[in-house]
Amino acid sequence: MLDAVDFSEPHWLIWYFHVIGVISLNFDVFSVYLILFKSSHVDSFRFFLLNFQIACMFTDIHITFLMQPVPLYPLMGGYALGFLATRFSVTLHFCITIVVFLYIYQVASMIVCFVKKNQTISGTLTSFSIPRFLIWFLLGFLMVYTVTVVGMYYSLSVKESDKMQFVKENLPEYQSQFKSLPNFSIYQANSMLFIMVIVAVTGGLLAFLFFMAVLYNIFRMLSFMKIQMSANTYKRHRAAVHSLIAQFATSSVCFLPPISLVFVVFFKLPYAQVLVELLLAIACTHSPLNVSVLVATFPPYRAFFCRVFLRKEAAGLPALSAKTSAVVISHLST
């Protein structure tokens, strides 16, 4: 027996989407500005980082402005109140499919950033460089994984033409409420859902293992090269790697809420509807957190932020001229 479904519109969540959307967009634009205009004389690595930040920006815009999802706990479904849904009648299911693609693309982009950093540091040290065929294999795997998971997810929703019939047969007591919604998408637990979860988790674990292998190789390489490079160069390489790790860790903000949702549903916790909405709200804080980590852990960006916004030099960093700052950023990203 399902708990009562709350069909009332959560006004606080909609207002939150607007507020966090504006905040996130400002953070995203600031990060793009730093990468484009405060990373002079940097090699192609910055474009890999830029690709990740732009993916984050598109994700924020899509979730907070274009989609604005509202869950219908404890049902596997919900409706959307964003621009795409209200103006173009785009379904919540299609919007979430885009989110699935963007989340996978974000993580894949960050893994590629680590690969690029590994290749940059290794230089001519072929023993630490990742073979080209392995890089192409990784890119192919990430592409196949993305298309497979996104395609499988897209096939899960009850078809538009069958939605009301599904509600009539399985949820007859809520027919009038569903008819009053501007739009809705609903799912049912079936074998395809189970297979998709298995494929997503298995592929995700394989990608994570490859990421850990690359990370181990980077630290092993830095340890080996420590005696062959100056102390400042070593510190700059290490700072760049630590910054990437911190940014990768912030991605958990996107994935922990859905995982926590499973426990909320399984254990039928009190005030579950509010908890589900709060988890959704937490997931939307990814970009402000990510950009804050980027600025805090990249010394040149931290120095620029302190100099412009705090009107002082960052702790532990000497006063830098524009020319000197460009050189420091160049060392950090090569």
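Placed from the backbone N, Cα and C atoms, the Cβ positions cover glycine too.
As written in TrEMBL, here are the features:
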TRANSMEM  12-36  transmembrane segment
TRANSMEM  48-70  transmembrane segment
TRANSMEM  90-112  transmembrane segment
TRANSMEM  133-156  transmembrane segment
TRANSMEM  192-219  transmembrane segment
TRANSMEM  240-266  transmembrane segment
TRANSMEM  278-301  transmembrane segment
For the transmembrane segment (192-219) and the transmembrane segment (48-70), check the count of CB pairs under 8 Å (sequence separation 6 or more) and say whether it reaches 3 or more.
no
Look over the recorded stretches 90-112, 133-156, 278-301 and say which has the most C-beta pairs under 8 A to the transmembrane segment (12-36).
278-301
Distal contacts, the transmembrane segment (133-156) - CB-CB under 8 A, six or more residues away
93-94, 96-97, 100-101, 104-105, 108, 111-112, 115, 187, 190, 192-193, 195-196, 199-200, 203, 206-207, 210
Intrachain residues whose Cβ lies under 8 Å of the transmembrane segment (278-301), provided they are six or more past its termini:
13, 16-17, 20-21, 23-24, 27-28, 30-31, 34, 38-39, 53, 56-57, 59-60, 63-64, 69, 71, 236, 239-240, 242-243, 246-247, 249-251, 253-254, 256-258, 260-261, 264, 314, 317, 320, 325, 328-329, 332
